[in-house]
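Swiss-Prot annotations:
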- Asp122: active site, nucleophile (ACT_SITE)
- Asp124: active site, proton donor (ACT_SITE)
- Asp122, Asp124, Arg299, Asp303, Lys312, Thr347, Asn348, Ser349, Lys385: IMP binding site (BINDING)
- Asp122, Asp124, Asp444: Mg(2+) binding site (BINDING)
- Asn226, Gln547, Arg550: ATP binding site (BINDING)
- 1-15: compositional bias 'Low complexity' (COMPBIAS)
- 259-273: compositional bias 'Polar residues' (COMPBIAS)
- 1-37: region 'Disordered' (REGION)
- 252-273: region 'Disordered' (REGION)
Amino acid sequence: MAENNNNNNNNNNNNVSTPPHQKPHLTTGLRTSSSGLLMDKRRQDEEKFSAEQVAMGKKSPTKLFSAYSLNDLSNPPTDEELNNYKDLPASSLPPIHKREKLRRVFVNRDIKLDRIEFFGFDMDYTLAVYNSPDFEELAYDMVLDKLIDIGYPKSIRKLKYDPNFPTRGLFLDRELGNLLKIDSFGNIIICVHGRTTLSKNRTAEFYPSMRVSSDEIARNRFYLLNTLFTLPEACLYADLVDHLERESGLRLTEEVADEQQQMNSPPLSSLGSESVRIDESNHQPEGDLSFSNLFQDVRTACDLVHNDGSLKTRVLDDLPRYIRKTPDMPVFFDRLRQNKNKVFLLTNSEFYYTNKVMSYMMNGYNPNYQSWRDYFDVIIVGADKPRFFSEGTTIREVDTETGNLRITNVKDRFEQGKVYHGGSLSLFQKLTGAKGSRVLYIGDHIFADIIKSKKTHGWRNLLVVPELQHELEVMNQQKDTTIHLMNLEFIRAEIYRGLDSESTTPPDIEVLHQHLKNTNDKLNFAYNKYFGSLFKNGSKSTFFSMQVQRYADLYTSDYLNLLNYPLFYHFCANSLPLPHESSSFSSFDTSN
């Protein structure tokens, strides 16, 4: 019944008292039932029946009304009411109250917030929301500069980041230079080379099975672009493929350098930023540049920009431009503190960057907190996730005045206000007692934040998917297109009605298939003109969608959407029916 609370939770009616002889009704003032007239008629019939039973001596007059309708239930209902409640048909139930989609937390697995003792947070792209496309444009331009420094033609400097091109969940084929969108079973949905979307026939020439096999993924032929930090990387790689093939006269080859050579050649990230160069042993002879080599150079340049501090320095120089600041953030953390929850920060960022970003976002809002550090019970920077969740690293204490590290002997507990660097999950659990389902960890990185913490240690999790806001907006705008697609799929099913093994002439559905394709293309184009929706392609779920369903207990566009729920809330997941079950209650949705 928790969903019957409206968006302001349980504080909305504080000024309205309910007389002791009146109990609030389940539906009164909370939702309007389209079947209200039917309920009134039903109650009249029930009261008439009860009166007849009394007149016949079959029922005690002390209780004329023994069958409760939906409008009669208290909020929450009593045991007597539930025992005497008469069910409505599923089709007659009024719509379940749901929060506005843009403010909702979506549920894959049940979580009771009042059983969560520890709330943990990542920083980058979770607490620190980077303003798009400004941040991606900055990263894109800085990686371009690195590539020019190591010998790429200066003509690439004219390339610009296109926020309408990249999406997460793509597979980059190192051998052929293609970007692939695949479904949850590994089937190729879309193939893009440079900025050109390839036809199915052309795609099948490269991938005869039209699948990405697990063996090919295991041998690292495909690189999964799964984080928000990889958006500029995906765009730049595609732009370089186009530019180098069409304009610079360089010949990109499909040949892959010898694996032993690749193992023996030092990565660019091992070199100082002032002496970055291309190791010629790692490139094709006769001046050819392979797609694999191009990927390695782009990947390494991206790592350099992130690891040498240059990108972070630019962000810190103009925090309002690159990072969101909202007063809701300290409000949310104050509510966690008031609720006696333990709160920890677990980030891979170093202290100097974490301190300046968190100070910018949280300091100065609440006089009860002198520093952003006061909102947290434990602060760990330089965590080196996902390694933190396995063997970990040596834990050190950070001198918050100088930023220097010192070896510390943490025996009994982490001290509030202090900042620690590195460590491991085993040590964290030993010192805090935070284990398993009592921990809710909130992050944006499916692998480093979600999969490792969940599969290895049973932490509950909330995945932040900022793209969800755009997806929901497009879904709302394209309702008519979606309904038309559903109609076409229904028509296709009807064409085969009654056909069995005696039927020998297949129906001609070429025209219908073309309409289905055109409608599906229109819908995909509304999300992203190259790759479509992050979660769907028509009725097919994407690989990214599969990961979200499999590993994320909860997911939302912004962690601050938790402000729309009381901290005792019970998130209930939909019961997902098998195909043979779905027809029974196809219109009955009990999601949050």
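Glycine is no exception: its Cβ is also placed from the backbone N, Cα and C atoms.
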Checklist entry - Given the recorded positions Asp124, Lys385, Arg550, which one's Cα is the least distant from that of Asp444 (Mg(2+) binding site)? => result Asp124
Checklist entry - Does Lys312 (IMP binding site) have same-chain partners at least 6 apart in sequence with Cβ under 8 Å from its own Cβ, and which are they? => result His306, Ser349, Tyr353
Checklist entry - What three-state secondary structure does DSSP assign to Asp124 (active site, proton donor)? => result strand
Item to check | Inter-residue C-alpha distance, the residue listed as 'active site, nucleophile' and Gln547 (ATP binding site) (nearest angstrom) | outcome: 19
Next on the checklist: Quick check for you: of the recorded positions Asp124, Asn226, Arg550, which have their Cα within 10 Å of the Cα of Asn348 (IMP binding site)?
Outcome noted: Asp124
Checklist entry - Near the Mg(2+) site, what residues other than Asp122, Asp124, Asp444 in the same chain have a C-beta no further than 8 Å from the centroid of the listed C-beta atoms? => result Met123, Tyr125, Thr126, Leu127, Ala128, Thr347, Gly443, His445, Asp449, Val464
Next on the checklist: Between the Cα atoms of Asp124 (active site, proton donor) and Arg299 (IMP binding site), what distance do you get, rounded to the nearest Å?
Outcome noted: 19
Item to check | Whole-number Å value for how far Arg299 (IMP binding site) lies from Asn226 (ATP binding site) (Cα to Cα) | outcome: 14
Item to check | ATP site, defined by Asn226, Gln547, Arg550: further same-chain residues with Cβ within 8 Å of the Cβ centre | outcome: Gly169, Ile446, Phe447, Ile450, Ile451, Phe543, Phe544, Met546, Val548, Tyr551
Next on the checklist: Name the residue among the binding-site residues Arg299, Lys385, Arg550 whose Cβ has the smallest number of other Cβ atoms within 10 Å.
Outcome noted: Arg550
